[in-house]
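Peer 1: The annotation active site, schiff-base intermediate with DXP is assigned in Swiss-Prot to LYS100. The 1-deoxy-D-xylulose 5-phosphate binding site annotation in Swiss-Prot covers GLY161, ALA187, GLY188, ASN209, THR210. As annotated by Swiss-Prot, region 'Disordered' applies to 248-268.
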Amino acid sequence: MDTLVIAGKSYTSRLLLGTGKYKDFTETRAAVDVSGTQIITVAIRRTNIGQNPDEPNLLDVLPPSQFTLLPNTAGCYTAADAVRTLRLARELLDGHALVKLEVLGDQKTLFPDVVATLEAARILVKDGFHVMVYTSDDPIVARQLEDIGCAAIMPLASLIGSGMGILNPWNLQIIIDKVKVPVIVDAGVGTASDAAIAMELGCDGVLMNTAVASARNPILMASAMRKAVEAGREAWLAGRMPKKIYQATPSSPSEGMITGSPHSAANN
């Protein structure tokens, strides 16, 4: 079976889904179910998973017994804040070690601060975390994060929440070719074709939130994204035909084609 393996655990779904921006927890659960995802991301600074006892708890709707939770550090702008946030998540989730690290460098673009990201990754890996890390599409940084010991590299396709799709497929392709841990596109996916393209490039998975939660029909979009990720993966496994410039090839065989008879040719 074709599975995604992260930190030693296998998953049949290659779609990772965020839990923010839905109108309520009921819609969140419905989108998660339709998407078929097995890994859901949770922004610890914005979502209650037990740190606020008097508020609705996401874990009542998406229990850890049914899904792999991926606590993330959305909203963190320093390595220290990111490390502190994920240590809190580990306490709230009874020692859960799989986390998503993101250290932002700019409030307007939400580009990652790669220097702070590298610093936080070193601390977290040394502290026993399995770190899936949001980063730029710089292949050198991706290799450095892999060398530190990160469990998955998560380069952006374009700005978080922009829906602009994959702006630099060439860098993504280099990252895919150079690192051995899973490469999961994170940020910028806007519609199903973006997810399919990411998978056709050879990405191991796609993480999204806004593309589903901000769609006119989030539940239907979750279904579309599931199919797109599956189709893109199958296309990559199948191997696309080579592109040819100025070399058209008929799809029908040329043998046995009907040609004009010598008699008719002579009469002409």
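For all residues, glycine too, the Cβ spot is worked out from N, Cα and C.
Walk me through where these features lie, including what they touch and how far apart they are.
Peer 2: When secondary structure is read from DSSP and collapsed to three states, LYS100 (active site, schiff-base intermediate with DXP) falls in the strand class. All protein chains shown were included, and the count of other CB atoms within 10 Å of the CB of LYS100 (active site, schiff-base intermediate with DXP) stands at 28.
Its own atom aside, the Cβ of ASN209 (1-deoxy-D-xylulose 5-phosphate binding site) has 24 Cβ atoms within 10 angstroms in the protein chains shown.
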Peer 1: May I ask which of the binding-site residues GLY161, ALA187, GLY188 is closest to LYS100 (active site, schiff-base intermediate with DXP) if we compare their C-alpha atoms?
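Peer 2: So, of the listed binding-site residues, the one sitting closest to LYS100 (active site, schiff-base intermediate with DXP) is ALA187.
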Peer 1: Any idea which of the binding-site residues GLY161, GLY188 has the thinnest Cβ neighbourhood at 10 Å?
Peer 2: GLY161
